[in-house]
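Written out below as structure tokens is the structure these notes cover.
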Amino acid sequence: MEKIVPPAVRIEELRRILREHEYRYYVLSSPTIDDFEYDAMMKQLEELEREYPEWDSPDSPTHRVGSDKTEGFASVRHDRPMLSLSNTYNYDEIGDFYRRVSEGLQGAPFEIVAELKFDGLSISLIYEDGMLVRAVTRGDGIMGDDVTANVRTIRSVPLRLRGDDYPRMLEVRGEILLPFKEFDRINAQREAEGEPLFANPRNAASGTIKQLDPHIVAGRNLDAYFYYLYSDEPLAENHYDRLMQARQWGFKVSDAVTLCCSKEDVYAFIDRFDTERLTLPVATDGIVLKVNAPAQQDLLGFTAKSPRWAIAYKYQAERVRTRLQHVSYQVGRTGAVTPVANLDPVLISGTVVRRASLHNADFIAEKDLHEGDFVYVEKGGEIIPKIVGVDTDARSIDGRPIVFTVLCPDCATPLVREQGEAAYYCPNAEGCPQQQKGRLEHYCGRKAADINIGPETIELLYSRNMIRNVADFYALTEEQLLTLPGFKKRAAAKLLDSIEASKARPYQAILFGLGIRFVGETVAKKLAAVYPSIDALAAATSEELVQIDEIGERIAAAVLHFFSLRQNRELIERLRLAGVSLEAETVSVPVSARLAGKTVVISGTFEKYSRDEYKAMVEDNGGRMAGSVSSKTSFILAGSDMGPSKREKAEKLGVRLMSEEEFLRLIEE
């Protein structure tokens, strides 16, 4: 008998799930479900809240817009909220949209403008007297990040408007994108440098525009399309003509924009781009429909989350059927073994797909995969497409179930699986060639030792037995390099110069490059801030490590395990003898200990001092800064417009919110 879940319980469960996915999508830019699943859960929650209004709550995901606002940029309030659009997936719901618009306009005729829905980062540009003065991300819809310096590097963004008939004050909204060709180039470069790949062009665009160095942004060739204009001064009489006006002023407006006089025109537009979108140079994830007349838009107004005069139509992810040839396995630098499906080549979203992710052993068992199975594959933006189903009716009687390997595919060592882990690992860290080469590539990455060497050269050096661990780089000689195929004196000198320069890399970069399990770039910075030398970190206890914000028992155990191994201690000594930086250049000395042992989070905007000045005050008084709220947070220095997610988590954990005045009194006592 199916268990009946009380409405109140289901409502809270949906809110919890949606909040988690909003955080992963909007804050981490790392979604774990697709838009279709998210929208289905959101619709279910909206229906339950309508049916049971006594369980409605102002902090429900149905009453808010997600946030992509990050620390490190000035927060700016939008003159007009940047709201999201309601989504629909079929023609019946488009018909419902037409009905609602008609009722809202009391039967008056209206036109619809159909546009492509670009899949990038929403941006608001402010122009004064034809000059770009500010660029702000969507953020939480109310507040966003000032990324003007980065946006100025995008060549499709006009710094000065063309002509002279533009209004004195103008806001233009659009989408920042990374073209597919540029995405492939950047990922190829990152792979060669041993850096993690971007999952999709949207993540890459978002990560790029939030870089603190505009030079990095300029080197990634972002693009931008624009789709809405605001001004208190007169503009063209309707939305379509305003887009044409924007094009004349120098903005990039999609050629696909179409004026539709009927539902049939809209359906024809959707059908057309169901296939044409697959050949576009940038990512799209649907169609946007807008009422054309601004006066009618004003009459229809807004809900708490979205305009009533616009809606988004989302295409289903492209799904194809192909044959699973066999399963191969890859070994990462940490020893994790990942299964990969090798497929009969098939065309998906304009690219030929030969492989698909199988995640782990549990996924293979859950799908009950057999050799030679016909599988359904989707490519929803990931680098490697995913298998979403199996055509069991087409299964051959000779097909054998796929059993996850018990041996490392590279060194034949029996695999292990730690309790609570989904992945199997090869424990032969020092003898497994793939792990060794993976660690060498990781160490040379731009955010680590930054040695200018590609995986092909590392493979060559490894095959000649010239390198086995990262300390071996510092023992290489010109004579050795000149024995390699294709290496001349100039190439050898360039590599040796890069290796020499890596000795001066910051301590936290070298710590990251050591490849300690679970110690990524951010964790390495946190560890280096508390333990300003490798020796101090090696002497730390588990109890001390877990006191650091966002350092849990798992990370602490990995750090302790790394330093417990003799070969790692010997590696560190070799790096020290080679002259590699293993301690911070300077250690800041607090001017007081009023905040000693306190972990502080800063959120919002302030009147008396800037965020950076308050961060300096915390550190000068012996406190430690953290970017997110946790059970280890001592208090939050809360300004106006504090982020809703931080406020919600603070209330849940009972973390104190401290005002500017309270904080200044505290450090002046």
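Counting begins at 1 with the first residue displayed.
Here the Cβ of each residue, glycine as well, is placed from N, Cα and C on the backbone.
Noted in Swiss-Prot for the protein shown:
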ACT_SITE  LYS117  active site, N6-AMP-lysine intermediate
BINDING   ASP35, PHE36, GLU37, TYR38, ASP39, SER84, LEU85, GLU115, ARG138, GLU175, LYS290, LYS314  NAD(+) binding site
BINDING   CYS408, CYS411, CYS426, CYS432  Zn(2+) binding site
COMPBIAS  61-71  compositional bias 'Basic and acidic residues'
DOMAIN    590-669  domain 'BRCT'
REGION    52-71  region 'Disordered'
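Annotated pair CYS426 (Zn(2+) binding site) and GLU37 (NAD(+) binding site), C-alpha to C-alpha distance, rounded: 35 Å. Secondary structure from DSSP puts LYS117 (active site, N6-AMP-lysine intermediate) in a beta strand.
When Cα-Cα distances from CYS411 (Zn(2+) binding site) are compared across the recorded positions ASP39, LYS117, LYS290, the shortest belongs to ASP39.
When the binding-site residues LEU85, CYS408 are compared by the number of other C-beta atoms lying within 10 angstroms of their own C-beta, LEU85 comes out lowest. Here ASP39 (NAD(+) binding site) comes close to ASN87, TYR89, LYS314: these same-chain residues lie at least six apart in sequence, with C-beta atoms under 8 angstroms from its C-beta. When Cβ atoms from all protein chains are considered, those within 10 Å of CYS426 (Zn(2+) binding site) total 26, not counting its own. Taking Cα separation as the measure, LYS290 (NAD(+) binding site) is nearest to LYS117 of the recorded positions LYS117, CYS408, CYS432. Other residues of the same chain near the Zn(2+) site, with their Cβ within 8 Å of the Cβ centroid of CYS408, CYS411, CYS426, CYS432, are VAL331, GLY335, PRO409, ASP410, ALA412, THR413, PRO427, ASN428, GLY431, PRO433, GLN434, GLN435. Calculated from their C-alpha atoms, the gap between ARG138 (NAD(+) binding site) and LYS117 (active site, N6-AMP-lysine intermediate) amounts to 16 Å. Neighbour counts were taken at the CB atom with a 10 A radius for the binding-site residues CYS411, CYS432; the maximum falls on CYS432.
For the residue listed as 'active site, N6-AMP-lysine intermediate', the same-chain residues that are 6 or more apart in sequence and have a Cβ closer than 8 Å to its Cβ are THR284, ASP285, GLY286, ILE287, VAL288, ALA312, TYR313, LYS314. Counting every protein chain shown, 26 other Cβ atoms lie within 10 Å of the Cβ of ARG138 (NAD(+) binding site). DSSP assigns LYS290 (NAD(+) binding site) to a strand segment in the three-state reduction. When pLDDT is averaged over the domain 'BRCT' (590-669), the result is 81. In this structure the alpha carbons, written CA, of GLU37 (NAD(+) binding site) and CYS432 (Zn(2+) binding site) are 40 Å apart.
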